[in-house]
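A.B. asks: I have a structure here, written as structure tokens, and I will follow up with some questions on it.
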Amino acid sequence: MSEAYRQPVLGVIGGSGVYDIDGLEGARWQTVESPFGDVSDQILRGTLDGLEMAFLPRHGRGHVLAPSDVNYRANIDALKRAGVTEILSVSAVGSLAEDLPPGTFVIADQFIDRTFAREKSFFGKGLVAHVSMAHPVSAWLGDRVEEVLADLAIPHRRGGTYLCMEGPQFSTLAESNLYRQWGCHVIGMTNMPEAKLAREAEIAYCTVAMVTDFDCWHPDHDHVSVEAVVRVLLQNADKARSLVKAMPAKLKDRPYPLPDGSHRSLDNAIITHPDRRNPGMARKLSAVAGRVLG
């Protein structure tokens, strides 16, 4: 990774209800092209308390993209091209646990990927890589997020398994009960393959899963109005903005590379012999894997 990446640049991917960042100095929407296709939207650039920030609305402004229609590869590639070194991924989820009521923020540290209609890797024919996903998120970044949530007195849980489904329909009762048997804590539609791609791009990634309601396993599920869910969604969005505003102070002394390995996840991952690597693929991966491809 070049010297340009030594200074932290915090990327924020906003999910349902979070479409911008308040208080950015020098705020401007910037188009970033990606060889992997269309990015969800322009990237909002600026500084917050001296920290460079880059915000991307996952579903586009106005929420025009369904989870299956988001080009996750283009989004992560564009954030890497924008200089992002850490990603705070904010998304709305349903709860699969009684002790995670609406309004709780879960710093998920594991995922089960049940998506099936999405491109899940930057690598492929002509340039093959296998990145470890045993620990898919940055423990260091998760620690900083946990500190902020505690400071703000936002109900939260550190650790948990995020079940990512394809959508756009919600789960059946049988599926919801199955995921609970698997030990999952929250269910959503967007953090896979997002977390996998951030790992491949050597960007430290932290999920903040904001519980809006209980999934359909819960006996009260059918009695909760849409208005109540929307109210929690908006309250969560306000809390998420408070979280983002407090993050710069936690990142100013960020070590490089991070001790959890997030900035070095491609070490020994590429297995295609240098003489056999596809030049076109290598050019396409110039941002994602430039550190190891040279």
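Residue positions begin at 1 at the first shown residue.
Glycine too: its Cβ is placed from the backbone N, Cα and C atoms.
Below are the features listed in Swiss-Prot for this protein:
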BINDING   Ser16, Arg58, His59, Ser91, Ala92, Thr190  phosphate binding site
SITE      Ser171  site 'Important for substrate specificity'
BINDING   Met189, Asp213, Phe214, Asp215  substrate binding site
SITE      Val226  site 'Important for substrate specificity'
A.B. asks: Give me the CA-CA distance between Ser91 (phosphate binding site) and Val226 (site 'Important for substrate specificity'), in Å, as a whole number.
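C.D. replies: It is 18 Å, counting Cα to Cα.
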A.B. asks: Cα of Asp215 (substrate binding site) to Cα of Ser16 (phosphate binding site): how many Å, rounded?
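C.D. replies: Computed Cα spacing between Asp215 (substrate binding site) and Ser16 (phosphate binding site) is 16 Å.
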A.B. asks: For the C-alpha pair, I'd like the distance in angstrom between Ser171 (site 'Important for substrate specificity') and Met189 (substrate binding site), rounded off.
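C.D. replies: Ser171 (site 'Important for substrate specificity') and Met189 (substrate binding site) have their Cα atoms 11 Å apart.
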A.B. asks: Within 10 Å of Asp213 (substrate binding site) (Cα-Cα), which of the binding-site residues Ser16, Arg58, His59, Ala92?
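C.D. replies: Hits: Ala92.
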A.B. asks: Hey, how far is Ala92 (phosphate binding site) from Val226 (site 'Important for substrate specificity'), Cα to Cα, in Å?
C.D. replies: 14
A.B. asks: Around Asp213 (substrate binding site), how many other CB atoms lie within 10 A of its CB?
C.D. replies: 21
A.B. asks: How many Å lie between the Cα of Thr190 (phosphate binding site) and the Cα of Phe214 (substrate binding site)?
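C.D. replies: Pair distance, Cα basis, whole Å: 17 Å.
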